[in-house]
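Enquirer: Pasting the feature list from TrEMBL:
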- 65-354: domain 'Histone deacetylase' (DOMAIN)
- ASP136, GLY186, TYR341: substrate binding site (BINDING)
- HIS178: active site, proton acceptor (ACT_SITE)
- ASP213, HIS215, ASP302: divalent metal cation binding site (BINDING)
- 417-475: region 'Disordered' (REGION)
- 433-475: compositional bias 'Basic and acidic residues' (COMPBIAS)
Amino acid sequence: MGRRKENITYPSGTISTSLNEGSVGSGLDFSPSLDAGATVAEHYRPRVSYYMREQAGNFHYGRQHPMKPHRLTLTNHLVLNYGLHKHMDVYEPRRATEDEIREFHAEDYIDFLKRVTPDNQAAMQACFSSFNIGDDCPIFDGMWDFCRIYSGASIEAARKLVSGAADIAVNWMGGLHHAKKYEPSGFCYVNDIVLAILQLLRYYPRVLYVDIDIHHGDGVQEAFYTTDRVMTCSFHKYNGDFFPGTGAIDEMGSGLGKFYAVNVPLQDGIDDRSYTQLFKTIMTAVMDTFKPGAIVLQCGADSLGCDRLGVFNLSIAAHGECVRFMKRFGVPLMVIGGGGYTIRNVARCWTYETGIVCGAELPSALPDTVYRDFFAPDYSLHPQLSGRVVNHNSRAYLNALTARILEQLRYLKGAPSVQMSEAPPDIQGFLEDQERHEKDVREEREKEEKEDRRGRREHLAELYESDHDQDQEGD
């Protein structure tokens, strides 16, 4: 199938490192006119594919566990009852195969996920410490099937972009960004994002990963830490203790990947204006510098205000503005889920963002569904979520943070792979390169740890300590 080509102009212009600190609950109007200096591709009418599978919302981590896959059911019912399915192609994806999951995850770990169940977990408990099984990552009924469902959807979404059959692919089931090659982490068992990016790398020389979950996208960063073909950019809370404890501004990559990991560590309570201005400034510079062939946008909704595990003050409109901004670049875009533990707000957020990628304006009054009572008492797409947490992100802090990141990106000017014109190598060769670099990464980190013990380095992201941390669990 031929790929449709459109002349899309990157939003560009003068990048300012000065950010105005907005007030909490300022009621901002996120309209295209707010993007000073941006050239908006108003003619861009993307073909959107949407992936949903009814069974995905029926899995259950446990009664007290904050991860509730039922949020997917709430989201799909809102999407369908708003009529958004009329604006996109809706697919029920197949499950990922074992071979597809093996492209990233280790053989013994996959074998464990396949075999362990609630019925035999007592007999397999000796393996739990090896595979990080515990309260965050429990064994639950249908766990392996759940992994195959959400991973299969992300793989299919990536392939749809590669084939040119879609310009934007949406999979709210995916986005489980903490899973590692050898173990689960932070409620995530299989890293569908890494599997999807590996598919995209078969066609695109460079892929950009953007993460707006409140937790650092550590699993994806670790997977591509030593390559210059993937840039990871994560906006998250960081104080050294908040889960997963990574994501300092000086985590920039290693080897060929030096400077290709961009981390934006934030403090509690960031509001709409501060977050969106910071996001647009940094992402404009990233796009101008890296020029990716495809983008993967992880839309974890735990960065919303009033989230069960979150400490930000973002409204659904501000969260969605990040999606709208990335859509305007006109680059093939994969939009995926992630964290989010106040499930009524997760469903609202992801429904609103589905509307954004479809170019549909949604009325604030929610449509009737069988789950209407979840959204009481306001029954609105945009409830008041701001103002619960004091904003500890000062203007000086955000300006310094922006300046540091823009300086990091300047090191990429003229980097050989940024101008790559030849066809990318086969995926197996890429994976073998990753393996060869793993030893170098470990040695470099051990060296940094020794330096820390001799004299702890001061991180910009640690200028503000906070007592407002809530659960230090992952998503």
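All residue numbers here begin at 1 and follow the chain in the order shown.
Using the three backbone atoms N, Cα and C, a Cβ is placed for every residue, glycine included.
A description of the local structural setting of each listed feature is requested, covering burial, neighbours and distances.
Expert: Counting every protein chain shown, 29 other Cβ atoms lie within 10 Å of the Cβ of HIS178 (active site, proton acceptor).
Neighbours of ASP213 (divalent metal cation binding site), defined as other CB atoms within 10 A of its CB across all chains, total 27.
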Enquirer: When a 10 Å sphere is centred on the Cβ of TYR341 (substrate binding site), how many other Cβ atoms does it contain?
Expert: 23
Enquirer: In whole Å, could you give the widest CA to CA gap in the substrate site formed by ASP136, GLY186, TYR341?
Expert: 13
Enquirer: What's the CA to CA span in angstrom from ASP136 (substrate binding site) over to ASP213 (divalent metal cation binding site)?
Expert: 17
Enquirer: To what whole number does the mean pLDDT across the domain 'Histone deacetylase' (65-354) round?
Expert: 97
Enquirer: Go through ASP136, ASP302, the listed binding-site residues, and name the one with the sparsest Cβ surroundings, counting other Cβ atoms within 10 Å.
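Expert: If we count Cβ atoms within 10 Å for the binding-site residues ASP136, ASP302, the smallest count is at ASP136.
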